[in-house]
Every structure is written in structure tokens, then in C-alpha cells.
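Asks: What Swiss-Prot shows for this protein is this:
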- Val28, Ile29, Glu48, Arg49, Arg56, Arg158, Asp335, Met348: FAD binding site (BINDING)
- Lys284: ubiquitin cross-link (CROSSLNK)
- Lys289: ubiquitin cross-link (CROSSLNK)
- Lys311: ubiquitin cross-link (CROSSLNK)
- Tyr90: site 'Important for enzyme activity' (SITE)
- 1-16: topological domain 'Cytoplasmic' (TOPO_DOM)
- 38-474: topological domain 'Lumenal' (TOPO_DOM)
- 17-37: transmembrane segment (TRANSMEM)
- 475-495: transmembrane segment (TRANSMEM)
Amino acid sequence: MSAVNVAPELINADNTITYDAIVIGAGVIGPCVATGLARKGKKVLIVERDWAMPDRIVGELMQPGGVRALRSLGMIQSINNIEAYPVTGYTVFFNGEQVDIPYPYKADIPKVEKLKDLVKDGNDKVLEDSTIHIKDYEDDERERGVAFVHGRFLNNLRNITAQEPNVTRVQGNCIEILKDEKNEVVGAKVDIDGRGKVEFKAHLTFICDGIFSRFRKELHPDHVPTVGSSFVGMSLFNAKNPAPMHGHVILGSDHMPILVYQISPEETRILCAYNSPKVPADIKSWMIKDVQPFIPKSLRPSFDEAVSQGKFRAMPNSYLPARQNDVTGMCVIGDALNMRHPLTGGGMTVGLHDVVLLIKKIGDLDFSDREKVLDELLDYHFERKSYDSVINVLSVALYSLFAADSDNLKALQKGCFKYFQRGGDCVNKPVEFLSGVLPKPLQLTRVFFAVAFYTIYLNMEERGFLGLPMALLEGIMILITAIRVFTPFLFGELIG
């Protein structure tokens, strides 16, 4: 976009002052950081390469934990007037069977925390619009998530940020993180179209440049994600979803996981897992051969139409444990800091929770006291572990089970589904983890291994008395597999 098409306020930011904070990136997390700090009285500069509405297939389903975080930040109305679609739970399909998993009761979890100076004038309540209804979100006995067209949601977040008098916006490409002679971060250099390379100074610089972060390595050269699989996405139009207002997880012994969720009254997103960082060379043929046979009948017409049009979108599935923010004058946050498998839709929830905790920890500090801020950021790293570890480990563990590529993993996949079918706490506890409202890693460990032992029990029952010796051997292998799938990631998240 040339300078003549950019609003003057996006290129004329003052570079003669020292800002309290510079925020690099205006994805989901950047505007929330900027808005929260501005409402705390901080002078904030937020830099974004392109303020036009993006077209992406990431960040389209927000779990209840993310919705609650938006309430805490006083930014929940960002889901309004974009034809966002309510989400009330999940339906899991496995080899033709299905089980419904509704979101938790509000009475079973703590009330939403309202952050001082951020929540005011009812900005923690949704508004009434064509798809989001006050009575559903405010009065329903259960928590709700929400799905939406990502770009529309992002535009709303950015508009909220733009209304803050303490926020200055810049359209430009951040090309360098500035450091002083002590190697402490003091700002950023931005290439602004029509203005050139401009240096901006700040007491604290936030790196929020997302999945493909250019600057996460400022924390450490080895802070890079691993990519083990990918999703191929399509838009289904006017689809007849088997379980309206539910996310759909379609599993089977002979295929990779398939996710389906509605993002507007007309559009439904389908994401098909592929167990390689590189997508198939002939995506259309792969869709017809390896995915189409397992699509529920009601979805087949819209699925077939989407395949025939061939508008496929691919996204990598990355994993990146968080590192300590131990560089004075800098804070890396969001996907730039920490990523997990997108199977469970927990990315925005983790990022928004991080913003809530961040504002609580440093929002009232004087950012010119850089050592004090650094101390709080080090504490913040450990305080965030309780919730980020649950969502991150759950995402990786469930993907391992749902994309089972060995007999032991397939046994655990079947056992997990049968565990859900028991209902009661066998559904209630897992969905609290999935929703991002139960930040208790030890409880997650207990539930995961309850699934493992239930799988062993089912296998013994299936083998019968004569097959008991074989069942015992298989049980040992199933348990070893469960340990290998779960514990390294939990250890890495909690200890790292």
C-alpha cells in the first residue's frame, strides 16, 4: 500500500518522545496489550505492517476462556456486529458414533475478574446484534465460546485500540529492535512508506508479531518453533452441520482428524489434518480419496462443492514452549512467545490470558524503572504456567491420540472416545481443560492417565479370560505410550 493511500495519522507518529511502550504487531494480542496499557495511562505506540483487514484461516474459534479474558480486558464487544457465531460445545465423531460435549456450567468455575481501569461503562458485556444475543451470553447457565471470520474480529479489536487517546498507530514494517550499549532494548526502527526508516524509543517494547515472528529470536537464537503437521482448510457455504453451534471433531481409525465449525451464518470452516509439514502435492485428489469418505452425510454437498472449486488454504501446525522474558526493555507475548497445536483451538485463549496477567503484573508500574519491570516479567513467566501448560499439553496429547499412527495410540484413541461416552465427570473435566477455564496441570495429568487405564481395562475386557496374558502385555505398552505422549511435554512446559 503506497503512502498516498494511507491515512496521515498512520505515518506521522512523533519520534522525538520516549513512549512508555511500543507494541510490534496488531494481530489479536497486540491491540489488547496496547488498549490495556493505554487505559492504565501509558503512552503507547503500536506498529502494524498493514492495517487493512487480513484474510486468514487462523484464529477463528475462541474457547470460553478467551471470551472470559476479553471480558476482563473490557474488550468483549469486539465479537459484536461481525456475524460471529455462538459455540456451546463440541461433538466428537468416532467411526460412526458420536458424543456431545457441552461447555462447563458457570457455577462450577470462578467468576470473571474485572481489571481495574480497563472494565468500565459495561464494556465487559456483549451487545445485542443479529447473531450474538445478550440473554445467551449473559444469562445462559453454561459458558460459551464464539467463532467468527478472523479479519472482521481483528478489525474490531483494532478499532477499539484506535479509540484510545493514549495510543498512536503507525503503518510500517519494523526492521530492527533497537538496543543500547548494555544490550538492553530501547525501541524499534520502522520503515514507513513515504517517510523512510524512523527510530522510535520506548521504556518497554512488546513483540507481538505472531506465528511467523521475525523478532522472537531476540529472546534467544534457539527460540524457534517445530512444525510436525499441517491443516488444509476450505470454506463450506450453507453447510448443514450435524450439531449446530458445536465444534465438530471427526475421528476414525483410518483417517486423520477433521475439524468443522461454523464462523458465520453462511460460512463453515473445515480443517483437515495432514501428518506432515508439507501438504499433499495434489490436494484435490487427497481430499477426494482420504477425506471425503469420512465426511458426515449432511456436510457432503457443501464439502463436494468446495472441493470442486479448489480453493484450498494450508497452515502449519507449530509447537513452541515459552521462554523467560529476561531481556531488559522487551516482552515477547502471544504466538511469538508460545505456540501449541491448533487442534484444540486454544491459541487465542492462551494469548489473551497472558495479556490479562501481564496487565495485572505491570500495568501500574512506572516503565522507566526497567529493573522492576524485568523482575515482574520473570515472575509473570512462572505464573502463566498453570494455564498455558494445560492448554498446550492437552493440544499435543490429543493430537497424538486423534492422529493415531500406531496400535497403542489407536487403542488410546478408542479409549478416549469411550471415556467421553461415560458422561458425567468423564466429560465435564476434560471440557473444562479444553475450554481454558481449569488451569490445573496435576488434574489434567490425573484425567489423562485415567483415560489410559480405562483403555487398558477395555482392552482386557475385549480380550477375555483366555487373552489375559496378551492383554497384560498390551496394557504395559499402552501405558508406556501414554507416558511418552504426555509427560515430556508436561515436563517441558512446567520446568522450561
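A Cβ is built for glycine as well, from the same backbone N, Cα and C atoms used for every other residue.
Could you tell me the structural context for the features on the list?
Replies: Secondary structure at Ile29 (FAD binding site), as computed by DSSP, is helix. Listed in sequence order, Cys208, Ile333, Gly334, Asp335, Gly351, Leu352, Asp354, Val355 are the same-chain residues six or more apart from Ile29 (FAD binding site) with CB atoms under 8 A from its CB.
When secondary structure is read from DSSP and collapsed to three states, Lys284 (ubiquitin cross-link) falls in the helix class. Long-range Cβ proximity for Lys284 (ubiquitin cross-link), meaning a same-chain Cβ under 8 A and a gap of 6 or more residues, is found for Val307, Gly310, Phe312.
Sequence-distant neighbours of Lys289 (ubiquitin cross-link) (same chain, six or more apart, CB under 8 Å from its CB) are absent.
For Lys311 (ubiquitin cross-link), the number of other Cβ atoms no farther than 10 Å from its own Cβ, over all displayed protein chains, is 10.
According to DSSP, Tyr90 (site 'Important for enzyme activity') is assigned to a strand segment. Sequence-distant neighbours of Tyr90 (site 'Important for enzyme activity'): residues of the same chain at least 6 apart with a C-beta under 8 Å from its C-beta are Asp100, Ile101, His246, Gly247, His248, Val249, Val431, Leu434.
Within the same chain, residues 321-322, 385, 388-389, 392-393, 396-397, 400-401, 406, 408-409, 411-412, 441, 444-445, 448-449, 451-453, 455-456, 459-460 sit at least 6 positions outside the transmembrane segment (475-495) and bring their C-beta atoms closer than 8 Å to a C-beta of that stretch.
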Asks: In whole Å, note down how far the CA of Met348 (FAD binding site) lies from the CA of Lys311 (ubiquitin cross-link).
Replies: 25
Asks: Taking Val28, Met348 as the binding-site residues to compare, which has the smallest set of other Cβ atoms within 10 Å?
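Replies: Least crowded of the binding-site residues Val28, Met348, by Cβ count within 10 Å, is Val28.
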Asks: Among the binding-site residues listed here (Arg56, Arg158), identify the one with the smallest other-Cβ count within 10 Å.
Replies: Arg56
Asks: Of all the binding-site residues here, Glu48, Asp335, which one's CB has the most other CB atoms within 10 A?
Replies: Asp335
Asks: Would you mind pulling the DSSP three-state label for Glu48 (FAD binding site)?
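Replies: Looking at the DSSP assignment, Glu48 (FAD binding site) belongs to a strand.
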